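Copied from TrEMBL, the annotated features are:
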- 156-458: domain 'Phosphofructokinase' (DOMAIN)
- GLY163, ARG227, GLY228, GLY252, ASP253, GLY254, THR255: ATP binding site (BINDING)
- ASP253: Mg(2+) binding site (BINDING)
- GLY254: site 'Important for substrate specificity' (SITE)
- THR281, ILE282, ASP283, MET326, GLY327, ARG328, GLU382, TYR434, MET435, ILE436, ARG437: substrate binding site (BINDING)
Amino acid sequence: MALMSTCVNSVGSIISQQQYLHTQRKNNSWLSFSYTKRKNSVIAKSKSINSEIDFSDPHWKQKFQEDFENRFNLPHFNDVFDDVKPIPTTFYLQKRSSQNGYVNDDDRALLKVIKYSSPASAGAECIDPDCSWVEQWVHRAGPRMQIYFEPEKVKAGIVTCGGLCPGLNDVIRQIVLTLEVYGVKNIIGIQYGYRGFFEESLPEIPLSRQVVQNINLAGGSLLGVSRGGANINEIVDSIQARSIDMLFILGGDGTHAGANAIHNECRKRKMKVSVVGVPKTIDNDILLMDKTFGFDTAVEEAQRAINSAYIEARSAYHGIGLVKLMGRSSGFIAMQASLASGQIDVCLIPEVPFKLGGSYGVLRHLEHLIQTKGSAVVCIAEGAGQDLLEKSNARDASGNAKLGDIGVHIQQQIRKHFKEIDVHADLKYIDPTYMIRACRANASDAILCTVLGQNAVHGAFAGYSGITVGICNSHYVYLPIPEVISSTRHVNPDSRMWHRCLTSTGQPDFL
């Protein structure tokens, strides 16, 4: 999709390209999109629209809101068990002299806070052609005055799935500490993801304040991680055999799909088990949430790699620094890291197609940068430009398609191009992926992990299951798992944030 660029330092030599791109942008603007395409875009992001909805119906807003409320209604023990009665909470803090520290079950937070006046507004997400304002409320997270478990009888389990991510230990720690505040004594860790439920060689790890007190000072996961291994029947059999009452599952969208299946199977078997997810994805690609833990740390740590690439490029004759960052299908890390550094000349992400060759390709732009600046720095997300690589049907243990190495490919193409035009270029390639994943959470992520871990426990004691915790518009909320795994969150190429990135880099459209 063509994008608006505000390049000011290279207009003189590529003005014809900019004129061409202006025409393309004009032709491809939101105004020229059919309503059907806009509607499908919104569906892909939030599944908010019923394709059968009749906007000529004067009551369509009411029907939309009713449908939204039904979809975002949280699964609760009362839906399944008639004999479950709440008891007064055991979550007390010293010096709490009133009941104002609790959240009411009817408290809500707005999912969307911007009222767009037109579908042509940057980043607009409209329900109907007129961009009508429709309130969409989700459940506020936090401790309730009544709980549905007797803490002294509870056995709680924690499992971390997928790959490493800064903040895993912080979340584990806070879940354990909060459980103990409620009065839970029997807390266990399941080793190495879902695999730990059915491999006999992986015993439970007893957890307590003493065990987890300082684990947040290191990266990684105290419990270990692994991908795949989600045989739902075997997992639920294990949960039943271990007499687990609460299960806290830390992972991304694939892990959450497994968590939802576990929740459904527990309901099917009439097991009073609360299954609560904590979204862990360093790529920040979970729907509906402001951000997920580990993302801020990844952006901050990426600055080291970008700064190193910049210094290498500036110190060399015709130097080019190339940095590959995480982002399988979403370019949030590459975009935010580029914005934060101010040193990036070209940012390439999966959501925005580009060409390497040709008059308006990346390689020609690098030529221009070498001629005018003497150096260049490129930041690319790992999932960008996959159409330029040979297709593979290989998949990892989580079922994700294995990506081709776009970093190595672009490195080779840059070297080849400058050799062909007989221009010296000194290229340095940096891939800090595993260094970033293993980092300890920074202050911002540590706070986020703390609140997410605490709210996961509050949600379980409140009788909810099949939910995940997150932050929406700076407020902490509970969301039904199916709503956050329906698709992957992507950078919107029409958003203000992407436009800000283009303004910072000064890059044109590479089409």
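Cβ coordinates are placed from backbone N, Cα and C, and glycine is handled just like the others.
Just so you know, TrEMBL annotations never went through curation; they're auto-generated.
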For ATP: widest Cα to Cα gap among GLY163, ARG227, GLY228, GLY252, ASP253, GLY254, THR255 in Å: 12
Mean predicted confidence [pLDDT] for the domain 'Phosphofructokinase' (156-458): 95
Rounded Cα-Cα span from MET435 (substrate binding site) to THR255 (ATP binding site), Å: 23
Binding-site residues compared (GLY163, GLY228, GLY252) - highest count of Cβ atoms within 10 Å: GLY252
Distance from GLY252 (ATP binding site) back to ASP283 (substrate binding site), taken between C-alpha atoms, in Å: 9
Binding-site residues near THR281 (substrate binding site) (Cα-Cα within 10 Å), from GLY163, ARG227, GLY228, ASP253: GLY163, ASP253
ARG437 (substrate binding site) to GLY163 (ATP binding site) - Cα separation in whole Å: 8
Residue among binding-site residues GLY163, GLY228, GLY252, ASP253, GLY254 with Cα closest to the Cα of MET435 (substrate binding site): GLY163
Binding-site residues listed as GLY254, GLY327, least Cβ neighbours within 10 Å: GLY254
Other CB atoms, at most 10 A from the CB of THR281 (substrate binding site): 28
